[in-house]
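One structure is given here, and the rest of the page talks about it.
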Amino acid sequence: MGKTVYLILENGRVFEGKRFGLSGEVTGEIVFTTGMCGYLETLTDPSYYGQIVVQTFPLIGNYGVIPSDFESTKVSIKAYIVREWCQEPSNYRSEGSLDTFFKEQGIIGIYGIDTRELTKVIRESGVMNARIADSLEEKDKWVEAIRDYRIVDAVNAVSCEQISEEKAEKEQYRVVLWDFGAKQNIKRQLLRRGCTVITVPGKTTAADILALQPDGVMLSNGPGDPAENVGIIKEIQKLCEARMPIFGICLGHQLLALSQGGKTFKLKYGHRGANQPVIDLKTRRVYITSQNHGYAVSGKNLPPHIRIAFENANDGTCEGISYRDIPAFSVQFHPEAAAGPQDTMFLFDRFLQLMDENSFRKAL
Ligand SMILES: NC(=O)CC[C@H](N)C(=O)O
């Protein structure tokens with residue numbers, strides 16, 4: 001711990017820091033999140049698969065490691081970059097420090113870097129790749145080599161392998177959670193509302209899902225470029241043709257739009273944090289949301305049956321869609337929060353209403 005280590009950016013910039021967690025060298029896509037708390041939810045969000053995550057908030061690790069705050073069972077990030085990490089966390093729920101946790105999970109950590117300067121570079125140049133190296137001897141080689149790094153086959157890398165079911169205390173609905181790298185708080189919010197949740201792997205077909213006779217399908221968040229999931233997009237299209245009630249979140253929102261003729265594009269540096277304002281275009285009310293995404297659905301040339309329902313108040317990008325001719329809606333932000341504001345939790349209740357209005361299973 002504390003050994004000098006270098007962060008080499010694709011644009012040639014180098015930052016020097018100190019090690020914690022696992023030793024070793026790694027390449028990844030470097031992104032920053034502005035969340036001031038919730039580092040455990042960030043670390044265990046499978047959507048960060050393949051990425052080197054930078055925290056702009058300087059004090060990290062202060063309340064230790066608390067497994068009940070995890071959003072998945074493992075850490076999918078490539079590496080973690082912080083200004084300062086707390087070596088003696090203080091919290092009755094803590095089960096250890098980040099250093100120990102990173103060694104168990106096989107994660108490389110760097111501290112002592114000017115994360116605000118690093119964030120400014122990413123904001124100005126745009127998202128890029130980076131390499132964590134023990135020396136600068138091969139810097140020029142790596143600056144060239146890391147340009148080719150891409151996050152591919154991401155959903156398969158993080159999705160569950162088997163179907164599993166968790167019963168609600170008082171079952172009112174049966175919902176399939178299509179796991180593209182789902183955050184656990186999506187399942188918790190469904191269970192809390194009387195939904196028995198059947199979690200299925202990313203590679204599941206529409207026919208398999210329909211055979212489970214759900215009242216609705218939740219399309220989960222997840223990592224990578226949405227457009228690479230050609231097979232899943234086709235299966236979602238079949239669910240829409242069967243008029244299955246659908247609620248999509250983040251990657252699920254993007255895949256649903258792609259299945260309905262929409263397009264996605266990569267943002268300059270993404271939206272990641274817990275203070276992203278979105279406008280409900282029907283009520284003009286602004287909600288503060290939790291977000292973690294590098295792609296967005298294009299608001300241009302949308303097919304006529306797709307209506308933008310939420311817009312990002314900072315940059316005007318699409319943050320939510322409702323569909324005119326199918327029982328479906330989706331949002332780019334995270335209504336389940338974890339971490340972040342819970343202003344938009346009501347969307348889970350809107351999903352229950354959608355299932356009531358379309359009573360799919362009862363119609364079978
Ligand atoms: N959290 C997510 O679901 C992210 C969606 C997608 N991988 C993106 O980066 O835009």
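For all residues, glycine too, the Cβ spot is worked out from N, Cα and C.
What TrEMBL says about a protein is an automatic prediction, not a curated fact.
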Among S23, S47 - the residue TrEMBL places in the same L-glutamine site as G222, G224, L251, Q254, N292, G294, Y295: S47
Distance-selected recorded positions near ligand 1 (C-beta under 6 Å), from C250, L251, H334, E336: C250, L251
Rounded distance in angstrom between the Cα atoms of L251 (L-glutamine binding site) and H334 (active site): 10
Cβ-centroid neighbours of L-glutamine site S47, G222, G224, L251, Q254, N292, G294, Y295, 8 Å, sequence order: N221, P223, D225, P226, C250, H293
G222 (L-glutamine binding site), number of other Cβ atoms within 10 Å: 30
Nearest recorded site to E336 (active site) by CA-CA distance, among binding-site residues Q254, N292, G294: N292
Spatial neighbours of H334 (active site), counting only the recorded positions G224, C250, Q254, N292 and Cα distances within 10 Å: C250, N292
